[in-house]
Amino acid sequence: MTFLKRVKEYVGDAFRAAKYIGQGMGVVFDHMGRRPVTVQYPFEKLIPSERFRGRIHFEFDKCIACEICVRVCPIDLPVVDWAYNPELKKKELYSYSIDFGVCIFCANCVEFCPTNCLSVTEDYELATYDRHDLNYHQVAMGRLPSKVTEDPMVTPLREFAYLPKGVIDPHDLPAGSQRAGKRPEEILAEMRAAKAAKEAEAKAAKAAAE
């Protein structure tokens with residue numbers, strides 16, 4: 001009886017082992033047909049999506065020190081240093097800073113800013129060796145980042161950032177797959193074509209009137 005029990009356990013263990021090996025090989029075979037997804041950073045970079053919220057850009061001259069950004073921030077992050085100027089009868093901004101080591105990039109400050117002095121950029125390269133370097137003041141926040149598409153030293157990887165509508169897996173896509181919506185260069189081309197057509201219509205109308 002003990003012998004038969006041991007044989008039964010052995011056969012059961014063998015079937016379980018075969019099942020687990022089959023599951024593992026299924027994962028292996030599934031990945032064998034996929035395209036490589038390794039990004040050779042920093043020589044290859046992803047193009048951020050249309051609504052990507054990266055580093056916040058700040059324009060010092062537009063800020064009126066209303067501190068709305070501080071009130072709408074979930075963690076009261078922006079530090080606004082100002083003083084009232086009795087001669088001008090308004091606030092005078094001295095400094096403005098945001099610690100991106102704490103920021104959650106919700107962009108509430110951008111949405112509620114009455115003067116549009118804050119805006120989100122496509123800059124996501126904020127890594128540093130010292131967390132104190134992530135505390136950006138108005139000068140650092142005033143710098144505009146360079147675009148990935150305009151950097152000759154970088155290969156922009158469009159296919160991993162822009163997928164067709166309804167597709168969430170970047171693998172096994174046809175070579176000519178396009179993302180949902182239009183790319184920036186396509187939008188610019190349409191705007192230029194519309195402008196040229198409008199100018200042509202205006203010239204034709206002017207010529208007809210003469």
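Each Cβ is built from the backbone N, Cα and C atoms, and glycine gets one as well.
What Swiss-Prot records for this protein:
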| type | residues | note |
| --- | --- | --- |
| BINDING | CYS63, CYS66, CYS69, CYS113 | [4Fe-4S] cluster 1 binding site |
| BINDING | CYS73, CYS103, CYS106, CYS109 | [4Fe-4S] cluster 2 binding site |
| DOMAIN | 54-83 | domain '4Fe-4S ferredoxin-type 1' |
| DOMAIN | 94-123 | domain '4Fe-4S ferredoxin-type 2' |
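Where Swiss-Prot records a feature, it is marked here on the structure.
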{"residue": "CYS63", "record": "[4Fe-4S] cluster 1 binding site", "DSSP class": "coil"}
{"residue": "CYS69", "record": "[4Fe-4S] cluster 1 binding site", "DSSP class": "helix"}
{"residue": "CYS103", "record": "[4Fe-4S] cluster 2 binding site", "DSSP class": "coil"}
{"residue": "CYS109", "record": "[4Fe-4S] cluster 2 binding site", "DSSP class": "helix"}
Would you mind listing, in sequence order, the residues at least six apart from CYS109 ([4Fe-4S] cluster 2 binding site) in the same chain with a Cβ closer than 8 Å to its Cβ?
ILE56, ILE68, CYS69, VAL72, CYS73, PRO78, LEU118
To the nearest whole angstrom, state the Cα distance for the pair CYS63 ([4Fe-4S] cluster 1 binding site) and CYS103 ([4Fe-4S] cluster 2 binding site).
20
Long-range environment of the domain '4Fe-4S ferredoxin-type 1' (54-83) - Cβ separation under 8 angstroms, sequence gap at least 6:
48, 90-100, 102-124, 126, 136, 138, 141-142, 144-145
What residues, ordered by sequence, lie under 8 A Cβ-to-Cβ from CYS66 ([4Fe-4S] cluster 1 binding site) and sit at least six positions away in the same chain?
LYS91, PRO114
Can you give me the Cα-Cα distance between CYS106 ([4Fe-4S] cluster 2 binding site) and CYS113 ([4Fe-4S] cluster 1 binding site) in Å, rounded to a whole number?
13
What does the structure give for the C-alpha distance between CYS113 ([4Fe-4S] cluster 1 binding site) and CYS103 ([4Fe-4S] cluster 2 binding site)? Integer Å is fine.
17
Could you tell me the mean pLDDT over the domain '4Fe-4S ferredoxin-type 1' (54-83), as a whole number?
92
Position of peak Cβ density within 10 Å, selected from the binding-site residues CYS63, CYS69, CYS73, CYS103, CYS113:
CYS69
